[in-house]
Each structure stands twice: as structure tokens, then as C-alpha cells.
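*Asks:* The structure under discussion is supplied below as C-alpha cells; questions concerning it will follow.
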């Protein structure tokens, strides 16, 4: 039996734009994806801290350095530009591996610049 564990989280990201006409997804700056150990097409759970909305979508890789967090398609109705969100990716693993698993947490500022990251239970690595 496998369990679903938090793999990575981008905490307190700010939605920069939305595109209702796009087919769906969330566009995330490539650098943030690398720092958070996330990748294009990966399924994510997004939580809107402003209204409590929770939704699943998949990642599209954005341009490095633009600090873009864009919601596309129906997801654009779940959060507005300026809303604070949490983006979480999960992984399946055996219970033995899960017991020692430490997810990657990335904290960003109000401009989506990465400020620090750490694995749960480990020291912070300050960025920028």
C-alpha cells in the first residue's frame, strides 16, 4: 500500500494574472519550479488564502525570472490577481520511505521572489 505525501510546496505565492480563455493549468516561473522541486505537467493542489478555495490543476513552465503565477482556464475563476495562494505537489511512496520523508518548502515574498527554502525538519536555506 502506498501513501500520498506532500512532496513540495510554494508558500504565499501571489497570483500575477489569469487567462480564462486558456485550456487550464497554472503557469509558474521556471526558477521557482526548480527551487521547489516541481516540474511541468505535474499535478498540484492550490489553496487560495484569500477565499479558502481549493482546486487541482497541472503546471505549465513559465519564463525564468518573470515571477509569474498565472491561473489559466477555469482555475482563473478560483483566484484573482493579487490573491495569496499555496501550491502543493504530492508523491506516492511506500510507508517505510514516507516515515523519513521531508518535503521541500519554498517561501516567497509578495513579488514571488524566493526568500528561503527548507526540507521539513531541516535548517532554512536563505535565497536572494
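Our numbering is plain: 1 for the first residue shown, then up by one each step along the chain.
Each Cβ is built from the backbone N, Cα and C atoms, and glycine gets one as well.
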*Asks:* Pick from 27, 57: which one does Swiss-Prot list with 73, 74, 75 for the same substrate site?
*Replies:* 57
*Asks:* Long-range same-chain neighbours of residue 57 (substrate binding site), Cβ under 8 Å, sequence gap at least 6?
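*Replies:* Residues satisfying the criterion: 24, 25, 26, 43, 44, 46, 71, 72, 75.
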*Asks:* Any idea what DSSP makes of residue 73 (substrate binding site), helix, strand or coil?
*Replies:* helix
